[in-house]
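Asker: One structure, as structure tokens, below. Some questions next.
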Amino acid sequence: MTFKSGFVAILGRPNVGKSTFLNHVMGQKIAIMSDKAQTTRNKIMGIYTTETEQIVFIDTPGIHKPKTALGDFMVESAYSTLREVETVLFMVPADEKRGKGDDMIIERLKAAKIPVILVINKIDKVHPDQLLEQIDDFRSQMDFKEVVPISALQGNNVPTLIKLLTDNLEEGFQYFPEDQITDHPERFLVSEMVREKVLHLTQQEVPHSVAVVVESMKRDEETDKVHIRATIMVERDSQKGIIIGKQGAMLKKIGKMARRDIELMLGDKVYLETWVKVKKNWRDKKLDLADFGYNEKEY
């Protein structure tokens, strides 16, 4: 039996539904989600395997005009995937008109000279006539291999997109075991789950300034739980106060919600200990970025 495989990048502006799509395809959460822009900071690999095919999806940070060294890292990390894949899914939202950010990405995609499928997400939010206008507008800018409208949240047309990808795969290796769904270690996934809860629960000024470092993660033989110690890094004392909350209430809530997700992922009982530290202006310091997992070697 012939086995087919390939690498597929998911590119687009922030908040267009790239991580929602990847999680839907994988059938579980491997990329965190929130309604805050620039939630995804690292490339996230999702490995979709059947008996005859393997698609290695690479979810990327939302491409934006960077204002910090962290922003530079995110954008370069996203564009670097163009050197690693055979196909690009360029995702745009059906309920927003094409903007300068989309045009900037399109120019890079043209230069890359690899097949691009336009994926119009959030079709559940618009009238069919509006969707047709969106398709015509984007087609006037670039010769896309295909255009596929979907709803990543509801799953509408996602199987059609997957079939299109598998039909176009070439004969190749099975790069990863069938039971492996991502290349990231558990520590990374744990840190992302804690950061996701901070994004959900805190005010607008806080999310972009937060990083999470898992200091230790090991099984406690006495309690038979995985003991995790995680530090939430922020840039200002005021942000530290917001995350801790009155009498520690917010930090407890973050920890409780994160622990539930971590236990689901690990299939194990977890004791999660969280701390908050201030590291001023860490988003503009390359050494701090590397310490917190945002390393230029990634691209």
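Glycine is no exception: its Cβ is also placed from the backbone N, Cα and C atoms.
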Asker: When Swiss-Prot marks a stretch as region 'G4', which of 93-96, 121-124, 133-136 is it?
Answerer: 121-124
Asker: For which of the residue intervals 38-42, 178-182, 218-222 does Swiss-Prot record region 'G2'?
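Answerer: Feature region 'G2' in Swiss-Prot: residues 38-42.
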Asker: Tell me which of 59-62, 127-130, 267-270, 283-286 corresponds to the region 'G3' entry in Swiss-Prot.
Answerer: 59-62
Asker: Pick out which of the binding-site residues ASN15, THR60 has the most other Cβ atoms within 10 Å of its own Cβ.
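Answerer: Its Cβ has the most other Cβ atoms within 10 Å: THR60.
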